């Protein structure tokens, strides 16, 4: 009897027990599979309009991406004590009830990205998620978030909130003592205030690229002493305070490319001895202060391409010794003696290539590596010549034949022209200066009938003779 009873119990267990060792059946629209320490539930692209009523209580991962979910009520997922990862990306969520994630005490990763209708989050949306380490709110078209939104997430390490509509760094970040990575790129952030990043003492990576940042306030990164990667590229920065990066002694990557900077100040990088990658490309930089890079002894690559630099003095690096690669293309370089040191370094190190010369004229279009600098009698460098194509010929150029003939013909015309009284000449208009010789003769009946035949014959033959004379002179 006992054997039959046990047999009946085993036969009555849900089919999911055999597949995923779960206590409840796998939802009809989902696929469940056994993973380490539980089961994985995949319900992506299932056409769901609501969260399945019953989910396996042993689930460690649930994927509900690309469905039609619009609303999450309180305890929307029931009680799932083992759940560590929940993904709700690419749905139509417009509201999340405070307490929607209660019953998920071990949740470590929550993905809500690409819910473009969400736009608003209640201050207690993430209440009770004390073990959450990764939160993805990217592309939710959020204008702002409550100051206390993340206050109950003491374990949060990584926040992805890019592709939103924030105009300032969310105040909800302040005081997140364990946050290490913050992704805030491609938004509308206009400034990094001195209080924006307060309390982020473990922050190692901050991305603010492709926003509208016009100002970085002094001391803005004062609490970020362990920051290693700072991306401020593709913003609207035209100036930086002298101590903008003070205290960032562990910074390894700094990207300031794609801004509106017109110079590089010496004070900016004074504390960045560990910096390995520095991007200053795609700005309007025309001047680099002496010693601007002198403390960057560990630099592996310096990007200065796409600026307005005409010269780069060695004193920008002294007394440091730069060992990294130098990117200098797309600048209007003036390849005179001020760049001789760079040409020599290019030959010796092989770490610099593509330095196109825009001037002087004799080397324009060449690469700096192709320029040969002359030496004066006392051994000093001599600049390449500045070509002037309009005055470069050593002597007067020969006059074109057509011009010579026309001048000779003009002279003949004057010699053959009839003399007129002074009064009549004074009344001649400027327009008559272009009249032809034949017009003048026919209109005035010059010299009487007895002189016309030889006069006309001379006027016809002499221009031809003049051409032969000029041609003979040119051949000589």
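Glycine too: its Cβ is placed from the backbone N, Cα and C atoms.
Feature annotations, courtesy of Swiss-Prot:
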- 92: N-linked glycosylation site (CARBOHYD)
- 178: N-linked glycosylation site (CARBOHYD)
- 295: N-linked glycosylation site (CARBOHYD)
- 388: N-linked glycosylation site (CARBOHYD)
- 427: N-linked glycosylation site (CARBOHYD)
- 434: N-linked glycosylation site (CARBOHYD)
- 85-108: repeat 'LRR 2' (REPEAT)
- 110-133: repeat 'LRR 3' (REPEAT)
- 134-157: repeat 'LRR 4' (REPEAT)
- 254-276: repeat 'LRR 9' (REPEAT)
- 277-300: repeat 'LRR 10' (REPEAT)
| message | Given a Cβ distance threshold of under 8 angstroms, which distant residues of the chain, six or more beyond its ends, lie next to the repeat 'LRR 10' (277-300)? | response | 233, 252-266, 268-271, 306-310, 312-313, 315-325, 327
| task | Provide the three-state DSSP residue tally for the repeat 'LRR 4' (134-157): helix first, then strand, then coil. | result | 0 helix, 3 strand, 21 coil
| remark: Long-range CB partners for the repeat 'LRR 4' (134-157) (under 8 A, at least six residues beyond its ends), listed in sequence order, are 89, 108-128, 163-167, 170-181, 183
| note | Across the repeat 'LRR 3' (110-133), DSSP yields 0 helix, 2 strand, 22 coil
| query | When you tally the Cβ atoms that lie within 10 Å of each candidate's Cβ, which of the glycosylation sites (92, 178, 295) has the highest tally? | reply | 295
| request: Take the C-alpha atoms of residue 92 (N-linked glycosylation site) and residue 295 (N-linked glycosylation site) and report the distance between them in angstrom, rounded. | output: 51
| said: Under 8 Å between C-beta atoms and at least six residues away from its ends: which parts of the chain pack against the repeat 'LRR 9' (254-276)? | reply: 209, 230-240, 242-248, 282-301, 303, 306, 308, 316, 324
| query | When the pLDDT values for the repeat 'LRR 10' (277-300) are averaged, what is the result? | reply | 95
| query | Counting each residue once, how many in the repeat 'LRR 10' (277-300) are helix, strand and coil under DSSP? | reply | 0 helix, 5 strand, 19 coil
| query | Going by DSSP, how much of the repeat 'LRR 9' (254-276) is helix, how much is strand and how much is coil, in residues? | reply | 4 helix, 4 strand, 15 coil
| task | Write down the Cα-Cα distance for residue 295 (N-linked glycosylation site) and residue 178 (N-linked glycosylation site), rounded and given in Å. | result | 30
| Secondary structure tally of the repeat 'LRR 2' (85-108) (DSSP, helix then strand then coil) | 0 helix, 5 strand, 19 coil
